[in-house]
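As structure tokens, the structure follows; a few thoughts come after it.
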Amino acid sequence: MGVANPPRTASDAKAPKEQEPSPAPRGDRAVTAVSHIVLAIWSIIVILPLVWVFLSSWKTTGEIFKSPLALPQHWSFDNYIGAWTDSHIGRYMLNSVIVVTSALVIVMILGSAAAYSLARYPFPGSGVVYYFILAGLTFPIFLAIVPLFFVLKNVGLLNTLPGLIATYVAFAFPFTVFFLYPFFRALPQEIAEAAELDGAGEWRTFAQVMVPMARPGIVAIAIFNFLGLWNQFLLPIALNTNEDNYVLSQGMARFASQAGYAVDFGQLFAAVVITIVPVLAVYIFSQRQLQGSLSQGTLK
Amino acid sequence: MSRRGFVLITLGLPFVFYAVFVLWPFAQAFIYSLTNWSGFSDTFDFVGISNYEALLNDDTFLQAVRNNLLLAMVVPFVTIALALALATLVTVGGSSTGAVRGLGRSSFYRIVSFFPYTIPAIVIGLIWSQMFDPSSGLVNGLLTGIGLDQFTSFAWLGEVSTAMPVSMFVIIWGFVGFYMVLFIAAIKGIPSELYDAARVDGAGRFRMTMMVTLPMVRDTIQTAYIYLGILALDAFVYMAALNASGGPQNSTLTMTQDLFNTAFKKGQFGLASAMGVVLAVLTLLFAAVVFLVNRLTKGKDR
């Protein structure tokens, strides 16, 4: 929007000379200034806590209690080492990476295959399937959590990483299908038919022809799923109570539940930084594509 | 392989898996809500709607329902209003001559505002519970630093009057940036002829926002409203970090917290399932109201 200056209109050309070189009238400049100020204030509200957390992560617990405004006295990695080992953030991070990566790969394969099948080969009853998938999106996970606990218990997957992966996949599945369905719907049938005429089977047509064409949607939903699963809190705290199998969000929640004196606050801040930095770094380096594909995908 | 085989494997298998782990538990929840099951015994009796009757007389649960309704009224509205306002500044804050132009050098704000969306909710809660800490938090540090001594050791999350507003602020902080980015994309998708036409008609920025932007992004607003409403009726993870035990006089207790404790601490699975059903019904009602309001107000414009 507004990439180039519009051509000058006839009335502009006739206008007195004096206005010519002023592209921004004074009212405009005021609006622009106020806009910058308001946006800057919000940016500060966003950044300030993050900067403060970062600075606090280098302080000792004693320094943290002394003054929230003071800078750290020594820049030592003690808090980070402590958080990684004593507070087990390293292990929880590894568990999170295992669970989220596995679940993400599986749900992307299952979800895109299901969305493709549903979009390309309607059959009597596919409307019902679609509505069942929509239903899974509509109800809160909290409604399912108690029975889910016993489903996992009965199949012997309670408090295990595979059990957690299975539930992650199951609960990310409906949104994935729902999101990808319109993308596969919109793809021209002729191309798939042409590929099949050339001798490609169902699987090759799907994997090598149709999936690449639905890429914008697949990238967007993969990002949403990653953030959603990385964020997931209820499923692990209800279904994964074995401390060795804790994921990152549980490790962080532990700081919150161990109220007061038992908490090593220096390690808490270091753990927060360790948790935030990887995802934030990926975001900053890829923000243009990322925001583009998120909004492109969502507004479809 | 036959087409039928392909559909069975690609759609049938995942669907069965999904049915076992999602649909079946949802269905079971409705059944359990009619029983007195404590979970650890193999048997249970059907007790009709007595769990629901118990909830109607349970002051703690009713308080939680009220808290969630308050969250659902405030959080989506404020988040969307703020996100829309910031998105408008970014997209039409530029020059008023010639074509409508976005604010120059504004990508910094867009990038920064999105930061919280990349942070797990539990960590957002942790950060802000430290920020609002009575003695070592930055908020009181800054306030007392500028001479407002009444905030020395003021317990933001420990006072009935401030615990809920502060909790709301934390949730809103986490989502404004995401919706701002979404609205920027939606506003940029509006055909610029509409703005040009409005400008020719002499509309200023404010009128253009009211007459062009808002009507054109209303479906995006509706989607945002529903997502944020569902989130506000949940709010579990934020409250778990800010006030795990429900806050002063249960002023920030949510249905979800009550449900979790009832199920996994007290083992009253039947009662907890009934709470889940109430939550689900309220969630569906919220979505229905948003749809209805959107449809009704749309009719009035025409």
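These residue numbers are counts, starting from 1, taken along the chain as shown.
Here the Cβ of each residue, glycine as well, is placed from N, Cα and C on the backbone.
Sequence annotations record features per position, and here TrEMBL assigns region 'Disordered' to A:1-28.
Look at TrEMBL and you will find A:33-55 (among others) tagged as transmembrane segment.
The transmembrane segment feature in TrEMBL is assigned to A:92-116 (among others).
Taken from TrEMBL, the feature domain 'ABC transmembrane type-1' covers A:93-286.
TrEMBL lists A:128-152 (among others) with the feature transmembrane segment.
According to TrEMBL, the transmembrane segment annotation covers A:164-184 (among others). Distant neighbours of the transmembrane segment (A:164-184): 99-100, 102-104, 106-108, 110-112, 114-116, 118-120, 130, 133-134, 136-137, 141, 148, 152, 157, 210, 214, 216-218, 220-221, 224-225, 228-229, 232, 235-236, 239-240, 245, 247, 297, 300; these residues of the same chain sit at least 6 beyond its ends, with a Cβ under 8 Å from one of its Cβ atoms.
Annotation comment: TrEMBL describes A:218-239 (among others) as transmembrane segment.
Residues or ranges marked as transmembrane segment in TrEMBL: A:259-285 (among others).
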- Taking A:33-55, A:92-116, A:128-152, A:218-239 as candidates, which has the most Cβ pairs under 8 Å with the transmembrane segment (A:259-285)? A:33-55
- Query: So what's near the transmembrane segment (A:128-152) in sequence-distant terms, Cβ-Cβ under 8 Å and 6+ beyond its ends?
  - Reply: 118, 158, 163, 166-167, 171, 173-175, 177-178, 181, 234-235, 238-239
- Would the transmembrane segment (A:92-116) count as touching the transmembrane segment (A:33-55), if touching means at least three Cβ pairs under 8 Å and pairs must be 6 or more apart in sequence? no
